[in-house]
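Asker: The active site, phosphoserine intermediate feature in TrEMBL is assigned to 113. Here TrEMBL flags 63, 174, 176, 334 as Mg(2+) binding site. Residues annotated as Zn(2+) binding site in TrEMBL: 63, 339, 343, 380, 381, 466. What TrEMBL records for 1-18 is signal peptide.
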């Protein structure tokens, strides 16, 4: 018996089509004109630049959050609130200044997260796979480390007397956070258990060890990576029976125990689950080490709400602790699993991670002020991710396109990857005899809404790759106007340091401070001279 299933595909692909669904007010030109005029009035207020000194600095880094990811996350955010999505605004959309960042590494047209992190944290471009070292260092060559170390804005802030923190959804010794404190020629040297014996013997340090030794007393550290802190084969506190989560350190050091011993008289707390984290009173905590998973934290869609903190919850606790310092703080926040979702071709995971990071951005905004806090949101690189195909307004971002291919009449999803594990050689399905061949792939329409569905890709790869285009930089707060136009990625920490008068950017603050003091004193001085004249 023959059966035709093209009709089923067509119905699924065209479901919901017909009269476009959008608010009636959008039919009226007055709606668009009023909105544009309101936007214009807001833009005109930006002519008066915020040139305050930034007491606080916050960098939100969406790993792999290219511009198509930002747009798709915006639509998803709206659709989660039962809106069509396109008109929604992300928190970062409300930042007044936007720039583009060129992401290439010194030796790579399409960058990796290590070389880019060195750029946006240390202010110099570097080779792919290396963190906290200049381009003179060669990946995996231990003897190229010494003399090529570069320091980060986190260190500059600490040396200026500010509190500093790192919050990530990946391992705390992963590529992005490690560039804030480590100098390592290989991003994969998480512990000495991942290092070649000759590198250890030559004196190179693993990244986990550098977290605790390079910049003493980082005030807040939160993320995953617990297993890299414990002796090899030591069972994990949360997963005691799972060998893949056992400790990895060959040197038998217990870095968490060492941290606890060193910080025991400093109002310091180590926590490993959400309950412990949220039970803390930030007013009585000066130093916090939170390691919530042996490896990376789970995707937000798969997070255990009882045991795993969200990125927003971690950011809230971090700011409450850091803002107690009258000199201010620097905080690096990484939404690191956006990147992992894309690499796996799991667009739904990636976009939900981006929405959660946007939620954290909004929460941080409520806890700080644009008058003394510079906040920057950007990405390290993009991905081979996109969406399109003339989808109608309000089309679910994870759904089918509104049309069939005019070449083979097959359906396809709106979201597509240029390469990756979602490649399928779809067999023509116009007529099959029952039973269907077991090798026939499932139609994308039947599973594209699942959390771990791997979106279609053009080129088959076991892991999807980064993209090479520029990424967006959103900025607000003091000196945010300096992030404009198109810049090299290493420009970012220089601007942030300038805004806060730290690192090598202090001279203008001294002169500005003096000028401000003089300006403040002039009225009093004039009054005094007038009084003297009258008396004389």
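Backbone N, Cα and C define each Cβ position, glycine as well.
Heads up, TrEMBL stuff is auto-annotated, nobody curated it.
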Asker: Whole-number Å distance between the CA of residue 174 (Mg(2+) binding site) and the CA of residue 343 (Zn(2+) binding site)?
Answerer: 16
Asker: Centre the Cβ atoms of 63, 174, 176, 334, go out 8 Å, and tell me which other residues of that chain have a Cβ in range of the Mg(2+) site.
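Answerer: Surrounding the site, in chain order, are 61, 113, 117, 168, 169, 170, 175, 177, 335, 336, 339, 380.
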Asker: With every protein chain in view, how many other Cβ atoms are within 10 Å of the Cβ of residue 174 (Mg(2+) binding site)?
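Answerer: A count of 28.
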Asker: From the binding-site residues 343, 380, 466, pick the residue whose C-alpha lies nearest to the C-alpha of residue 334 (Mg(2+) binding site).
Answerer: 380
Asker: With Cβ-Cβ distance below 8 Å and at least 6 positions apart along the chain, what are the contacts of residue 339 (Zn(2+) binding site)? List them in sequence order.
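Answerer: Sequence-distant Cβ neighbours: 63, 64, 113, 350, 383.
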Asker: Using Cβ atoms only, which residues of the same chain lie under 8 Å from residue 381 (Zn(2+) binding site) while being at least 6 residues apart in sequence?
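Answerer: Once residues fewer than 6 apart are set aside, residue 381 (Zn(2+) binding site) is near 64, 66, 103, 110, 111, 112, 113, 116, 466, 467, 468, 471.
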Asker: Quick one: Cα separation, residue 380 (Zn(2+) binding site) versus residue 176 (Mg(2+) binding site), in Å?
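Answerer: Cα to Cα, residue 380 (Zn(2+) binding site) and residue 176 (Mg(2+) binding site) are separated by 9 Å.
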